[in-house]
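So that you can see what the record holds, here are the features copied from Swiss-Prot:
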{"type": "SIGNAL", "residues": "1-24", "note": "signal peptide"}
{"type": "BINDING", "residues": "D36, T72, D238, H239", "note": "Zn(2+) 1 binding site"}
{"type": "ACT_SITE", "residues": "T72", "note": "active site, nucleophile"}
{"type": "CARBOHYD", "residues": "N101", "note": "N-linked glycosylation site"}
{"type": "CARBOHYD", "residues": "N158", "note": "N-linked glycosylation site"}
{"type": "BINDING", "residues": "D191, H195, H339", "note": "Zn(2+) 2 binding site"}
{"type": "CARBOHYD", "residues": "N292", "note": "N-linked glycosylation site"}
{"type": "CARBOHYD", "residues": "N329", "note": "N-linked glycosylation site"}
{"type": "CARBOHYD", "residues": "N362", "note": "N-linked glycosylation site"}
{"type": "CARBOHYD", "residues": "N369", "note": "N-linked glycosylation site"}
{"type": "CARBOHYD", "residues": "N382", "note": "N-linked glycosylation site"}
{"type": "CARBOHYD", "residues": "N389", "note": "N-linked glycosylation site"}
{"type": "TRANSMEM", "residues": "432-452", "note": "transmembrane segment"}
Amino acid sequence: MIPEFLVVSCTLAALCHSVPLSLQTEQQKVLVVSFDGFRWDYLYKVPTPHFHYVMKNGVHVKQVTNVFITKTYPNHYTLVTGLFAENHGIVANDMFDPVLNKSFSLEHMNIYDSKFWEEATPLWITNQRAGHASGAAMWPGTDVKIHESYPTHYLPYNESVSFEDRVAKIIEWFTAKDPINLGFLYWEEPDDTGHDVGPDSPLMGPVISDIDHKLGYLIKMLKKAKLWNNINLIVTSDHGMTQCSKERVIELDQYLDKEHYTLIDHSPVAAILPKEGKFNEVYDALANAHPNLTVYKKEEIPERWHYKHSDRVQPIVAVADEGWYILQNKSDEFLLGNHGYDNALAEMHPIFLAHGPAFRKNFTKEAMNSTDLYSLVCHLLNVTALPHNGSFRNVQDLLSSAAPKAIPYTQSTTLPLGSAKPGEYEQEESYPYYIGISLGSLIAIVFFVVLIKHLIRSQMHTLQYMQVEVAQPLLQA
């Protein structure tokens, strides 16, 4: 007969081994949603019950400092790389690369040249290299072949595709036979309307309400698909918006001869490429031209913007004060709402909310950086982050789990010469790993207590038997 204590020992030992292992390998799901141009305080302009539902049952960060320039493509690429614009290479919506001798323009949609994107590696590729699957519904850059890869599933950009259809695809990919563990969902509003009418217009109210309804629809569909309680949903944006006025316009033609330069990017950060031999003339003419315009030589751009160490940043950069608009001449398009200004300005800051099994409940944090999102998502997915400019330590208090240990990274980087180095790389174990370790340790303690009690009882039983034997009289011969 197998001794009882041996059966108990083997059973408990198996449990100790299997429980943490199964928890450690549990695959987390992450869905990142971006509502383009959703300023941090839009949450309070009109009733937004679905946003507040997420806040009450999840986490909310009051102020998110994004990257300069505060435009769509630079900031969406920062969210998925953790890098400043000078490091990931997408420095504006409109760029010229003198090395490639090529232009990149969101306006003309010539954005599909892989070389513009390959100074960094976005999250979906890192996730797929780790053996997982990713899906993207219109997220900027996901329909570009980067490092010979696309997301596992993606929708080519088409603004006419409804939000509901985008959600349907995301749900389909998360519930497929071979499901994704990482999804990206993008919606163009409230940016489009914010440009047309300005963020201070009463016409923004219905747009914000509609986005709240769209978030409610997403939550409803996640619940219907039984994903709501086991998916980590992150709702964020790329930038805010500020109100402009035709009374606050800086017209470059008043100060510069248009034959002496090429205007690569426009308002509110004018990227100026002087014609050969005309640098000093252009700079001198513009340097003190307007009290609401600050003009920098490339090498004099403030370090805090992390913007000057890229070939795609032009020799002269002119930055308008908040609310001021740069036009080459009065015939150029003027927008009542704009962004791209100094990333220290609160009106440029986006939202950040999150809900899911990894996040705390009803928790509000004062501030974070958009570069921090990358390491947070890598942590949730338990994939190794590449060198980045963010900090997991800066956002780990959003999580309900124990904070992971950190070690310095050892990978080399391909950052431009003179660029700021990425912050300390943090090795992030997934939070189920720590739950598993805790439960495993608890079971091990219980096992040893049971084993010791069993051994004590066995010894006591043997001792009692011996005492009874001694008490019996010897047989008479």
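Each Cβ is built from the backbone N, Cα and C atoms, and glycine gets one as well.
Locations of recorded Swiss-Prot features on the structure.
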| residue | record | DSSP (3 states) |
| --- | --- | --- |
| D36 | Zn(2+) 1 binding site | coil |
| N158 | N-linked glycosylation site | coil |
| D191 | Zn(2+) 2 binding site | helix |
| H239 | Zn(2+) 1 binding site | coil |
| N292 | N-linked glycosylation site | coil |
| N329 | N-linked glycosylation site | coil |
| H339 | Zn(2+) 2 binding site | coil |
| N362 | N-linked glycosylation site | coil |
| N369 | N-linked glycosylation site | strand |
| N389 | N-linked glycosylation site | coil |
Between N389 (N-linked glycosylation site) and T72 (Zn(2+) 1 binding site): CA-CA distance (Å): 19
Listed in sequence order, residues not in D191, H195, H339 with Cβ within 8 Å of the centre of the Zn(2+) 2 site Cβ atoms: D36, G37, T72, D192, G194, H239, M241, L335, G337, N338
N101 (N-linked glycosylation site) and H195 (Zn(2+) 2 binding site), distance between Cα atoms, whole Å: 31
Glycosylation sites (N101, N329, N382), the one with most neighbouring Cβ atoms at 10 Å: N382
For D36 (Zn(2+) 1 binding site), the one of N101, N158, H339 that lies nearest, given that the recorded positions are compared by Cα: H339
Least Cβ-crowded entry, counting other Cβ within 10 Å, from the glycosylation sites listed as N362, N389: N362
Number of Cβ atoms other than its own within 10 Å, given for H239 (Zn(2+) 1 binding site): 30
Chain-internal residues, separated by at least six, CB under 8 A from N158 (N-linked glycosylation site): M138
Residue pair N389 (N-linked glycosylation site), H339 (Zn(2+) 2 binding site) - Cα distance, angstrom, rounded: 23
Zn(2+) 1 site shell beyond D36, T72, D238, H239, criterion: Cβ within 8 Å of Cβ centroid: S34, G37, T70, K71, N75, H76, D191, S237, H339, P350
Cα distance (Å, whole number) from H239 (Zn(2+) 1 binding site) to N292 (N-linked glycosylation site): 22
